[in-house]
Amino acid sequence: MRKTKIVCTIGPASESIEMLTKLMESGMNVARLNFSHGDFEEHGARIKNIREASKKLGKNVGILLDTKGPEIRTHTMENGGIELETGKELIISMDEVVGTTDKISVTYEGLVHDVEQGSTILLDDGLIGLEVLDVDAAKREIKTKVLNNGTLKNKKGVNVPGVSVNLPGITEKDARDIVFGIEQGVDFIAPSFIRRSTDVLEIRELLEEHNAQDIQIIPKIENQEGVDNIDAILEVSDGLMVARGDLGVEIPAEEVPLVQKELIKKCNALGKPVITATQMLDSMQRNPRPTRAEASDVANAIFDGTDAIMLSGETAAGSYPVEAVQTMHNIASRSEEALNYKEILSKRRDQVGMTITDAIGQSVAHTAINLNAAAIVTPTESGHTARMIAKYRPQAPIVAVTVNDSISRKLALVSGVFAESGQNASSTDEMLEDAVQKSLNSGIVKHGDLIVITAGTVGESGTTNLMKVHTVGDIIAKGQGIGRKSAYGPVVVAQNAKEAEQKMTDGAVLVTKSTDRDMIASLEKASALITEEGGLTSHAAVVGLSLGIPVIVGLENATSILTDGQDITVDASRGAVYQGRASVL
């Protein structure tokens, strides 16, 4: 079962209900809407289709609104484009003009105050470089020298590496888009070009004004200033997106992999989800198969510890959107098989602080690995418990049971967490019982599996203080167990020694009213023994201990309840008999 989550950008190639259904079936967990393009009508229709497709499949698919952000762009060019030549001077004006080979203008009037002689200005995603020769604040102009030939077309992006620009945290357009997202009930906001913690707080204030504090903020780190201020940004954020496109323009390309690793590591330590984004399977916009480098890129992001991997143009406008998701699913699934979960847990343990929830999270992850648990099941009010366990990357899947569908969708971004809808409970026992049942319904857990359950106080979030090891199964009978062993096998019901001798086979579970010395030969073949007669000093108890097999005595009507050939598991430590094979300690 794949733990890494897949984020897909929805666009013209993927906006239909039919295509969205295929993407979800192929592995999409979160749908991203890029508000750099499209209007409210388009995005509203896409949100409606996403909800309809997810309802049809019964899946909790999150919706992420990606803002355009406070970017700098050029204005229009003469004849739609100009040819810039190496060594020629080019004036950048703060007043809008139609661009020529002598002068162009930009959308950000404050640029003249932010750059200085020697600064570098990059145009069109870094394809054309300019060196600042002089700044004339009075004329509102920047004199530059063109560093390489290139064609500059209308409204291209402008980057200023190493310069702290005084753009606002969010633009008026961003604010309108976010309010629209609130009205539509999106789950995540991914603000672009976040440079400092105050940028995030501006957005949080806007969410609070509209009573939408539950929407999570996943800032996109796309420049050096954002990298430098990462600790403060993370403190006020719910996660992070490593947006390698603009980041690779703002900082040297050779630094991007190192920054990616560092940002992922910081998110992992805090238990906050991190998305690795941009050009992951870029060639699949045109080709049905990825390059080997792209496959390695996806795998290495998973080895770094990313929670989610993102597709952009591949699913928004590419020719092979479904194949791209399937490819990402296959690479992620195979990469996860190669992870050393014990080593990851050991490293994470040394990287984080210690709260009660952290202590429980660590213990749960350790216990699940040591007992080879089939799953970790956690009833959760806010999703916090599930996230705190997920940060230790246990090998077992985490089934988070919550009554809140919004929390289920937000957990769609967290590695290894699979959310299920639960019911309100009035007591801890009721809550745990419901969680076990929902984990069975999910298909992740089946009867006989050993699971680790963790939870807190009913109705209170952030109070995780309980851990329980539990065998999921139909307990069909209980008596008094002798010893701590367990065994699995077919039942042989015998009323006396002669019948036992005739029917017993190696590895069968002998079920009888009582035993005596005439049954010793049959007992030596048995994997376990169950008697109706009770008593810790009974013949069955003493012989069972001497033979080293699990024994349950005092099980009322055992010879009537159990039938010949019935496969059961005998758990002496609990005195329980399970239907079928059960994973017991």
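Glycine is treated like the rest: Cβ placed from N, Cα and C.
Annotation note: R32 (substrate binding site) sits in a strand segment as assigned by DSSP. The number of other Cβ atoms within 10 Å of the Cβ belonging to R32 (substrate binding site), over all protein chains shown, comes to 25. The substrate binding site annotation in Swiss-Prot covers R32, G245, D246, T278 and is backed by similarity to another entry.
In this structure, R73 (ATP binding site) is part of a beta strand by DSSP. In the structure as shown, the Cβ atom of R73 (ATP binding site) sits within 10 Å of 14 other Cβ atoms. Among the features that Swiss-Prot reports, ATP binding site is placed at N34, F35, S36, H37, R73, K156.
Every protein chain shown contributes to the tally, and the Cβ of N34 (ATP binding site) ends up with 20 other Cβ atoms within 10 Å. According to Swiss-Prot, the K(+) binding site annotation covers N34, S36, D66, T67, on the basis of similarity to another entry.
Listed in sequence order, D66, G69, A190, P191, S192, F193, I194, M241, A243, A277 are the same-chain residues at least 6 apart in sequence whose CB falls under 8 Å from the CB of K220 (site 'Transition state stabilizer'). Positions annotated as site 'Transition state stabilizer' by Swiss-Prot: K220.
Taken from Swiss-Prot, the feature Mg(2+) binding site applies to E222, D246, supported by similarity to another entry. Long-range Cβ proximity for D246 (substrate binding site), meaning a same-chain Cβ under 8 A and a gap of 6 or more residues, is found for D125, G157, N159, F193, E222, N223. In three-state terms derived from DSSP, D246 (substrate binding site) belongs to a helical segment.
Surrounding the centroid of the Cβ atoms of N34, S36, D66, T67, where the record places K(+), the chain contributes additional residues within 8 Å, namely L33, F35, H37, L65, K68, G69, D177, A190, S192.
Looking only at Cα atoms, S36 (ATP binding site) sits nearest to T67 among the binding-site residues T67, G245, T278. When the binding-site residues T67, G245, T278 are screened for a Cα within 10 A of the Cα of F35 (ATP binding site), the ones that qualify are T67. Sitting within 8 Å of the Cβ centre of R32, G245, D246, T278, and not among those site residues for substrate, are the Cβ atoms of K220, E222, M241, A243, R244, A277, Q279, M310, S312. Of the recorded residues, R73 (ATP binding site) and T278 (substrate binding site) place their C-alpha atoms 20 Å from one another.
Cβ neighbours of H37 (ATP binding site) (same chain, under 8 Å, six or more residues apart in sequence): G11.
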